[in-house]
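Enquirer: Quick paste from Swiss-Prot:
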DOMAIN    6-222  domain 'ABC transporter'
BINDING   38, 39, 40, 41, 42, 43, 44, 45  ATP binding site
């Protein structure tokens, strides 16, 4: 059985009079893809900040192995599109030259050889997101946190991105924690789905999202229309 690498136990966080998350409990298991979904203002960013150690819980307990190396890909990667820098230069700035064979294979998968001489500003959204993801792997993290990685990507780019995530998990034995608002892509590609709206509404495997299940009803109440999923299966 896969062991948890992060555990939240009855965690609440207050900012002044605001309580973005209240009594939240969940675990992230090693080598799983766990996706956190929820509407805007649900507390997803607060969860990430707590996981990264940027905030401390007001109450409750968070258990994270202090040796755990965490990589983070923010929703908006602050890199000026006017920057006259090539993909290769960008990655060289972030990485030592002694890349492992596994990371070289991932670079091959994102077609780095073809892209390396392109300016960052000329990349498509999907290409740029894959380059940012590759750069986050250079520190060889145990866990990678992806904040809305699929936003503004077309369907083809989303599929390619998930293929890359699957390869990364397999080759590098990395655990993936992803924030998303796209339920249908999540259903196909996650081991665990956590639905958050200030508190945990439901959690389980994508298989638990069946017609009229508690999971499905909770998602529907937050505006996630699960009948599309029923249609496909």
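First residue shown is number 1, and so on along the chain.
A Cβ is built for glycine as well, from the same backbone N, Cα and C atoms used for every other residue.
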Enquirer: With every protein chain in view, what's the tally of Cβ atoms within 10 Å of the Cβ of residue 42 (ATP binding site), excluding that atom itself?
Expert: 22
Enquirer: List every residue in the same chain as residue 38 (ATP binding site), at least 6 positions away in sequence, whose Cβ is under 8 Å from its Cβ.
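Expert: Spatial neighbours, sequence-distant, of residue 38 (ATP binding site): 44, 181, 195, 196, 197, 201, 222.
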Enquirer: What count of other C-beta atoms do you get within 10 angstroms of the C-beta of residue 40 (ATP binding site), across all chains shown?
Expert: 7
Enquirer: Which one of the binding-site residues (39, 41, 43) has its C-beta surrounded by the most other C-beta atoms within 10 angstroms?
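Expert: Going through 39, 41, 43 one by one, the largest Cβ count within 10 Å is at 43.
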Enquirer: Looking only at Cβ atoms, how many others are within 10 Å of the one on residue 45 (ATP binding site)?
Expert: 18
Enquirer: Write out, in the order they occur in the sequence, the residues of the chain not among 38, 39, 40, 41, 42, 43, 44, 45 that have a C-beta within 8 Å of the mean position of the C-beta atoms of the recorded ATP site.
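Expert: Checked against the 8 Å cutoff, the neighbours are 20, 196, 197, 198.
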Enquirer: For residue 41 (ATP binding site), which of the three DSSP-derived states applies: helix, strand, or coil?
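Expert: Note: residue 41 (ATP binding site) is coil by DSSP, not helix or strand.
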Enquirer: Calculate the per-residue pLDDT averaged over the domain 'ABC transporter' (6-222) and state the result as an integer.
Expert: 83
Enquirer: Test of understanding: give the count of other CB atoms lying within 10 angstroms of the CB of residue 44 (ATP binding site).
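Expert: There are 24 such Cβ atoms around residue 44 (ATP binding site).
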